[in-house]
Amino acid sequence: MSLTIISSVYEVCSDAAGIAGNIFAFGLFLSPIPTFRRIIRNGSTEQFSGMPYIYALLNCLICLWYGFPIISPGIILVATVNSIGAVFQLIYIIIFIAYATKPMKLKMLGFLVSVFAVFASIVFVSLQFLDSSSRQLFIGYLSVASLISMFASPLLIINLVIKMKSVEYMPFSLSLATFLMSLAFFVYGLLKHDPFIYAPNGIGTVLGTVQLALYAYFKRASQEELRHPLIVP
């Protein structure tokens, strides 16, 4: 009886971590809305790039496939969060294409078709040529590679913050949501004994911690400068 209770508590804790990760991820998916409000208001994509949304869509699709029961039973919350993420990224891409110049429209459409072609190839290969265990390893390694490549963005932001000594380009809400989502899925992966979940999200948790620490440091430094203005004789 006690083992049954412990097992039930364990399942509840893992599901709670996964649900929390879904909630925090939703905050991340909403973060580009101000950018697209500006694009719609101005009727132009200006100097914004659509590539982050292309990369994010491919990442969501690969991780969505990894979370499917046919690939990895018991981690459906990975599939749910990435299905929602894929829908958001697709909406952002469609809006971007609608307001882009004609050459950029064609370029973005080409990238979008390429994303779906790559994803279709991954699904085909994994189903037709691999058994269940090899299939999980194949998609798992792809998902880890995809997630780690997505961490290039936080690294660039961290470098920019240190160089500029300012948190202007690192919104606190975005950094906090990234940290909380990574931490939640790191715990979820540990409880599910799945290294393909906890390894990349462990890296994300560390990077999120660094971002928050930098935010606190440079924010405090800027406030001290305001309290002690330079006195010119």
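The chain as shown is numbered from 1 upward.
Here the Cβ of each residue, glycine as well, is placed from N, Cα and C on the backbone.
Automatic prediction, not curation, is the source of TrEMBL annotations.
Feature list (source: TrEMBL):
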TRANSMEM  16-36  transmembrane segment
TRANSMEM  48-68  transmembrane segment
TRANSMEM  74-97  transmembrane segment
TRANSMEM  109-130  transmembrane segment
TRANSMEM  136-162  transmembrane segment
TRANSMEM  169-191  transmembrane segment
TRANSMEM  197-218  transmembrane segment
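When Cβ-Cβ distances under 8 Å to the transmembrane segment (109-130) are tallied for each of 16-36, 74-97, 136-162, the top count falls to 136-162. Counting C-beta pairs under 8 angstroms (sequence separation of 6 or more), the transmembrane segment (136-162) reaches the transmembrane segment (197-218) with 3 or more such pairs. Counting residues 6+ beyond its ends, the transmembrane segment (16-36) has Cβ neighbours under 8 Å at 48, 53, 75, 77-78, 80-81, 84-85, 88-89, 92, 95-96, 171, 173-174, 177-178, 180-181, 184-185, 187-188, 191 in the same chain.
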